[in-house]
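Just below is one structure, and these are the notes that go with it.
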Amino acid sequence: MVIFAILIFVFLGSVEGFSTSSKVCTYDTTKVCKPALMTAVFSTVSFVLGAITSVVSGFLGMKIATYANARTTLEARKGVGKAFIVAFRSGAVMGFLLAANGLLVLYITINLFKLYYGDDWEGLFESITGYGLGGSSMALFGRVGGGIYTKAADVGADLVGKVERNIPEDDPRNPAVIADNVGDNVGDIAGMGSDLFGSYAESSCAALVVASISSFGNTHDFTAMMYPLTVSSVGIIVCLITTLFATDFFEVKTVKQIEPSLKNQLIISTVLMTIGIAIVSWIALPSSFTIFNFGTQKVTKNWQLFLCVCVGLWAGLIIGFVTEYYTSNAYSPVQDVADSCRTGAATNVIFGLALGYKSVIIPIFAIAVSIFVSFTFAAMYGVAVAALGMLSTIATGLAIDAYGPISDN
């Protein structure tokens, strides 16, 4: 993180030869912007803040999972329902931590940077982009490094134990199970958390940068500028309500009810989020505004921006359902892969690869359609908020995903 921070400062500062004098703004030549050297300094600071937030979120998620494992095991003695509630709520903590920490730190950073930049919103939000880069850089190590560790430990613990010694999965007689459980925490919780945090921060920062050189930035409409962060705030509230459906309103009593319950979380959160985004778009955005579109200002309506977020939101739901269909043992794809094992490892590998290629067709089309529609409505700003729409239910998604390693352990 320190090395990357130094590189960012050096490269950004050298653009204007480490100049300390003010310069003419890039997109509005009638205004004067802050020196390039200060942009390099503030970009480096935001990069470090994003990296630290990502690391802290992943660390707290692993701590919570560690504490939750024993509690889930104890509650399992009372039945599946009690264990599910503990595991689900524990996973939800990770999701809310990630979304809330990212939102809070980003909002505070913007207001602190604003004390220096003042009316120079172009420079302000350009320096904020380092925040998303910091989260992504930590995700690189957490997701890739943690994923490698997870698979190595998983294969070493489970495959060797089951094949050579006929020991069941996660059996305490196999000491390598400890490494497997550690790998689940590192890759599936810390790595996944950093990865999603990076995507969330980047989408927010991208939307803020594009908006800063549009009518929001020119008129200094701070409420409209904070629209991407407001969408994320609504997502946190919606997810708080949604989690109650899994833990309080509809009780899970059998193992077969777990998967439908998790599926309902995605549906309920998407519907409620659509309503929340409609309210926020009506309150926070002016009825008509302009968005910077490759040298021109494109006139956009608030209902068009609402549709951009909704397109990303519902595309994310479609991707979630398609992913479940191709990865759940309740459906034919996984059952067919298992059946292909009867004729040997070769047919299993070939069939699995073919199924993997096939499984991404619908998600790719869903993403392509969402990009096309959102760009048509609101240029690059629409694409940015559409991506934010896919991640707006990040707390629910993380709760569902983090529930897996917690319940396994």
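Heads up, the Cβ atoms here are built off N, Cα and C, so glycines get one too.
Please treat TrEMBL annotations as automatic predictions, because they have not gone through curation.
Copied over from TrEMBL, here are the features:
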type	residues	note
SIGNAL	1-17	signal peptide
TRANSMEM	41-62	transmembrane segment
TRANSMEM	83-110	transmembrane segment
TRANSMEM	225-246	transmembrane segment
TRANSMEM	266-284	transmembrane segment
TRANSMEM	304-327	transmembrane segment
TRANSMEM	348-373	transmembrane segment
TRANSMEM	379-400	transmembrane segment
Exercise for review: Six or more residues out from either end of the transmembrane segment (41-62), which same-chain residues have a Cβ under 8 Å from its Cβ atoms?
Suggested key: 1, 4-5, 8-9, 12-13, 93-94, 97-98, 101-102, 105, 109, 113, 116, 126-135, 137-139, 142, 185-186, 189-191, 193-194, 197-198, 201, 402
Exercise for review: Sort out the residues at least 6 away from either end of the signal peptide (1-17), same chain, that have Cβ-Cβ distances under 8 Å to it, and list them.
Suggested key: 23, 35-37, 39-41, 43-44, 47-48, 51, 130, 133-134, 137-138
Exercise for review: Could you pull out which residues elsewhere in the chain have a CB under 8 Å from any CB of the transmembrane segment (225-246), counting only those six or more residues past its ends?
Suggested key: 85, 88-89, 92, 95-96, 99-100, 102-103, 106-107, 121, 200, 203-204, 207-208, 211-212, 216-217, 252, 261-262, 264-265, 268-269, 272-273, 276-277, 279-281, 284-285, 305, 309, 384-385, 388-389, 392-396, 399
Check your understanding: Are there residues at least 6 beyond the ends of the transmembrane segment (304-327) whose Cβ is under 8 Å from a Cβ of it, and what are they?
Key -> 227, 231, 259, 263, 266-267, 270, 273-274, 277-278, 281-282, 285, 333-334, 355, 358-359, 362-363, 366-367, 369-370, 373-374, 377-378, 381-383, 385-393, 397
